[in-house]
Amino acid sequence: MLDPKFLRNELEVTAERLATRGFILDIAHLTQLEEKRKLLQVATEELQASRNAISKSIGQAKARGEDVEAIMAQVGDLGSQLDARKIELAAVLEEVNAIAMSMPNLPDESAPIGADETENVEVRRWGTPRTFNFPIKDHIDLGEGLNGLDFKNAVKITGSRFIVMKGQVARLNRAIGQFMLDLHTIEHGYTEAYVPLLVNEASLLGTGQLPKFGEDLFHTKPATEEGQGLSLIPTAEVPLTNLVRDSIVDEDELPIKLTAHTACFRSEAGSYGKDTRGLIRQHQFDKVEMVQIVKPEDSMAALEALTGHAETVLQRLGLPYRTVILCTGDMGFGSSKTYDIEVWLPAQNTYREISSCSNMKDFQARRMQARYRVKADNKPALLHTLNGSGLAVGRTLVAILENYQNADGSITIPEVLRPYMGGLTQIG
């Protein structure tokens, strides 16, 4: 959520910056609502003051033995007017809040302005794509040839966009996640967390999945009088970041760096027809997530570090990649600046996204009321939150199968994964 004071005082500037993201802010309507809010706020306060003043006179009139029926009627009339104004004010505030919750984050000034992914800017490349002297197979043919990827039974058990992994391919998939966690916890200083795969609506509102992206979630339990509805997590960013919701942490505790390996669940409502085959776009997939919670002045440096942590995974695995900075029109809803890391997939002869690393600044923190106590003045201030994939496990498996394939359909195991594979150097 954007800063309400900045929004009120810099409405034109806000509208211009949001327009670079393709979000059109109705300035006239918002201005009208703000004027109505001010009038109702003043009217409510005046009615409250009048009722309080007249209410005090009732006791004085009674003490003098006077009839207070007329005064009581006046207090009742003021009370009715006050209740009506409060209802009107609440309706205006609810509409303003709905608009505020629908607004994406303001893009950082360093984010390139552009309409879509074609205007993202490449910042670096690492590694050289391998030249093959035999026909390249894609990960589907390779995985099925190893009896390790079973799409047919996944469809029978559940439906499309799910997978059953077996044998050494399943073991390799597990090894990838374990390697990532060890790298981030041992070398990069993250604390591993085990988190719920089901989260409530307050958590999803806090990190920005609700209300805008409700259709992309798997809802398992509707809201009732007894409690909030529950949904499967689309990313571990949700439970990890919400650990500081409604909290004030000490400045000395910062930065907080957390990582988790979880299953993630997405309906992919807006991606009909895209990547319908294989592991690239699944309803259920594993991901190792990194989250950093930092002081505002540290968040841009933290974004560079977090992106570097994701890149290190690919470097250790020997997988060629490129890093791009997303333009304003391609950034995620809550992000102010995002780097996408794209891994080379030989069968597609292109780079595909394997990690997205974002600085949310105080956008999520304001929604969550996540703050820290500033040592200098002992006052609370909003935190900055960051998140990134470190990495998507399934897509990493795809990249390893395709980049490390051999002419006979076997797969060479990257050296860093061999300790997790019982010393195996290849499968198949």
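Here the Cβ of each residue, glycine as well, is placed from N, Cα and C on the backbone.
Keep in mind that this is a model prediction, so the values were computed, not measured.
Annotated in Swiss-Prot:
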type    : residues                                               : note
BINDING : Thr235, Ala236, Glu237, Glu289, Ser389                 : L-serine binding site
BINDING : Arg266, Ser267, Glu268, Glu353, Ile354, Ser355, Ser356 : ATP binding site
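What Swiss-Prot annotates, mapped onto the structure for a quick look.
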{"residue": "Thr235", "record": "L-serine binding site", "DSSP (3 states)": "coil"}
{"residue": "Arg266", "record": "ATP binding site", "DSSP (3 states)": "coil"}
{"residue": "Glu289", "record": "L-serine binding site", "DSSP (3 states)": "strand"}
{"residue": "Glu353", "record": "ATP binding site", "DSSP (3 states)": "strand"}
{"residue": "Ser389", "record": "L-serine binding site", "DSSP (3 states)": "strand"}
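The L-serine-binding residues named in the record, Thr235, Ala236, Glu237, Glu289, Ser389, extend over a maximum Cα to Cα distance of 9 Å.
For Ser389 (L-serine binding site), the nearest neighbour among the binding-site residues Arg266, Glu268, Glu353, judged by Cα separation, is Glu353. The 10 Å shell around the Cβ of Ala236 (L-serine binding site) contains 26 further Cβ atoms across the protein chains shown. Here the Cα atom of Ser267 (ATP binding site) is found 12 Å from that of Thr235 (L-serine binding site). Annotation for Thr235 (L-serine binding site): spatial neighbours Cys264, Lys287, Glu289, Asn387, Ser389, criterion Cβ-Cβ under 8 Å with sequence separation of six or more. Summarising the ATP site geometry, the residues cited as binding it (Arg266, Ser267, Glu268, Glu353, Ile354, Ser355, Ser356) extend over a maximum Cα to Cα distance of 19 Å. Glu237 (L-serine binding site) is 12 Å away from Ser356 (ATP binding site) when you measure Cα to Cα.
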